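Trainee: For reference, Swiss-Prot lists these features for the protein:
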- 103-225: domain 'MPN' (DOMAIN)
- 174, 176, 187: Zn(2+) binding site (BINDING)
- 174-187: motif 'JAMM motif' (MOTIF)
């Protein structure tokens, strides 16, 4: 098995990282550091290059199962688990780094922040952002995971947290795992229902946003409901 240390003709990724910083490394080199060793056929840099060449984008890593990663990269289960764990950790770091504490200005700002967290989920998630009277998000609450159709029919829990936290307004977001962001008839019905229910309680429903891993649909921007 080829190690990351075996190439004497160039400065290897670890040494480049120590000398120049992680930001100076290519995707191939960063992945090689995570892989550490190659397989029987390929040096670790060749293996990382091969793996990247079979992906449309780095985001595809999040969508791959352990079995798919093992098969494509020709690596063992332990190494595949380590890579998946690192990918999840990076995802959580990004989500933390993009904590929604600033004032909300546009739907696209919200969508870009939430897409990183929800875009690759295999199940549908319904998330609500609760805002104060200065349009600052003070809480992000996952209301439901699983069959969003069932959740979309019942806004009671959404409004419970709004009243409990004395929210002035809220934004509803859910993902479409299929990647198709076009709203269904059920999405339209739910949006009308939650908007009416919010108005009855003096709470403003600012938007209902549907996200995928690369795009979003804003009812405020594209529908006549707002």
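Along the chain as shown, the residues are counted starting at 1.
For all residues, glycine too, the Cβ spot is worked out from N, Cα and C.
Show me how these features fit into the shown structure, please.
Mentor: Of all the Cβ atoms in the protein chains shown, 23 others lie within 10 Å of the Cβ of residue 174 (Zn(2+) binding site). Residue 174 (Zn(2+) binding site) carries a strand DSSP state (E or B).
Taken together, the residues in the motif 'JAMM motif' (174-187) have a mean pLDDT of 90 on the 0 to 100 scale.
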Trainee: Looking only at Cβ atoms, how many others are within 10 Å of the one on residue 187 (Zn(2+) binding site)?
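Mentor: Total other Cβ atoms inside 10 Å, all chains included: 20.
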Trainee: Please report the number of other Cβ atoms within 10 Å of the Cβ of residue 176 (Zn(2+) binding site).
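Mentor: The answer is 23.
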